[in-house]
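Structure first, commentary second.
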Amino acid sequence: MSHFAYRNGVLCAENLPLTEIAQRFGTPTYVYSKAALLENYAAYANACKKHGRDDKTALVCYSVKSNSNLAVLNLLARQGSGFDIVSGGELLRVLAAGGDPRKVIFSGVGKSRDEMRLALSHDILCFNVESVAELHRLNEVAGELGKRAPISLRVNPNVDPKTHPYISTGLKENKFGVAFEEALDIYRTAAKLAHIHVTGIDCHIGSQLLDDAPLLEALDKLIELVDTLTDEGIAIHHLDIGGGIGIVYDQDKPVAVGDYLGRLFTRIDGWRAARHGNAPITVLFEPGRSIVGNAGILLTEVQYLKHGETKNFAIVDAAMNDLMRPAMYEAWHGVQAVRQREGSPNTYDVVGPVCESGDWLARSRSLNIEQGDLLAILSAGAYGMTMSSNYNTRGRAAEVIVDGSEMHLVRPRELPEQLFAQEKLLA
Ligand SMILES: *Cc1c(COP(=O)(O)O)cnc(C)c1O
């Protein structure tokens with residue numbers, strides 16, 4: 001069920017009218033529902049439990065880049081979640097939020113020496129290595145620290161995830177991972193390196209996948225490789241299938257997380273029984289969007305209505321710097337008026353104040369609104385705040401978590417003075 005619904009004509013987050021949040025903290029403000037967040041996490045955790053997995057044999061590593069607010073990370077850490085990070089900064093966030101570094105996996109094509117040192121010093125669970133050059137650098141850095149770095153190779157199964165090209169990552173032409181055909185050789189190299197410990201295999205083929213067929217196809221390719229590696233005496237202890245399950249933005253019909261995990265575990269169990277004498281293999285997931293995407297909205301106020309010759313514009317106080325997805329991917333976000341009005345709607349493009357034609361949040365939406373009304377931009381919990389910028393010297397939005405009828409400010413609005421406080425004039 002959605003935790004953003006109308007009560008007495010006013011859109012609420014859980015039991016709290018969004019109007020109260022705007023009154024207290026202003027706009028634009030990201031609003032997250034704690035219940036939605038925990039429910040989405042539980043869909044993964046419960047499916048793991050249902051298929052006989054415990055903490056040792058399945059781990060959800062929440063993708064920090066989708067929403068990295070400390071309060072969000074802390075709520076998930078308290079549920080036992082692990083974390084998938086893509087930078088040293090994200091590791092520091094996880095630690096600050098009380099996350100367990102031993103449940104952290106480190107993805108990304110460009111890990112620096114400093115980032116490797118930081119992650120090694122905290123004994124993270126695994127480095128998802130994305131190239132031969134990275135493997136050698138990691139071996140060197142681990143050697144300097146007198147450590148062995150646990151690694152999995154991010155393999156590119158060359159499966160088409162059938163999603164937007166910008167969020168498709170598992171095809172041959174993508175910059176991510178190593179080619180399936182080269183993986184065996186790279187594993188052989190890795191197995192010989194003194195400061196590398198091969199522990200797993202991983203892939204992440206894309207984001208906003210509505211169907212799990214490409215994920216199961218990728219799983220089959222990983223299984224094939226694990227068997228070859230086992231035959232060569234290279235033991236693989238965990239299999240990381242990545243994230244990527246989609247959410248409802250418009251008319252999307254994403255696969256239910258429980259159904260997908262059911263099919264995945266059934267396949268894995270059948271394989272382990274047939275080929276590995278039922279020896280378990282730990283399964284890792286890296287979900288981001290499916291946990292936090294529909295747990296958040298962006299609350300914004302209509303500044304002006306502008307009626308043009310061919311178009312009507314609702315100019316709001318949120319912009320592309322707050323929510324980049326429409327400008328970047330032409331992403332579609334639902335828009336709802338917080339207060340329902342009588343009368344007939346108009347068609348509007350919902351745009352921000354930033355000086356770019358790309359600064360729009362939604363196009364051709366039927367809305368019954370007046371100046372000063374509040375709008376909720378839906379499904380904004382993932383890749384919203386984390387992709388925000390200070391373009392046009394706009395302070396980042398505030399972030400609020402709603403729990404029942406309580407609101408908690410988990411990040412105050414940035415003040416413009418803070419944005420240039422570190423800048424210096426020439427003498
Ligand atoms: C972004 C990312 C994810 C999360 O993807 P979602 O589609 O948000 O679930 C997982 N793994 C890696 C390596 C990523 O880069």
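Counting starts with 1 at the first residue shown.
In case you wondered, yes, glycine gets a Cβ from its N, Cα and C as well.
Whatever TrEMBL says is automated annotation, not expert-curated.
Bear in mind that the values here come from a model prediction, so they are computed numbers and not experimental data.
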From TYR187, TYR329, TYR348, TYR383, the one annotated by TrEMBL with GLY244, GLU286, PRO287, GLY288, ARG289 for pyridoxal 5'-phosphate: TYR383
Can you name every residue in this chain, apart from GLY244, GLU286, PRO287, GLY288, ARG289, TYR383, with its Cβ inside 8 Å of the center of the Cβ atoms of the recorded pyridoxal 5'-phosphate site? SER63, SER66, SER207, GLY243, ILE245, SER290, ILE291, GLY293, ALA382
Between C-alpha atoms, which of these recorded positions comes nearest to GLY288 (pyridoxal 5'-phosphate binding site): LYS65, ARG325, TYR329, CYS355, GLU356? LYS65
Record-listed substrate binders ARG289, ARG325, TYR329, GLU356, TYR383 have a maximum CA to CA distance, in Å, of 27
Of the recorded positions LYS65, TYR329, CYS355, GLU356, the one whose Cα sits nearest to the Cα of ARG289 (pyridoxal 5'-phosphate binding site) is LYS65
Filtered by Cβ distance under 6 Å to ligand 1, the recorded positions GLY244, ARG325, TYR329, CYS355, TYR383 reduce to GLY244
What are the non-local neighbours of TYR383 (pyridoxal 5'-phosphate binding site), defined as same-chain residues 6+ apart in sequence with CB under 8 A from its CB? LYS65, SER66, ASN67, GLY288, ARG289, GLY293, MET324, ARG325
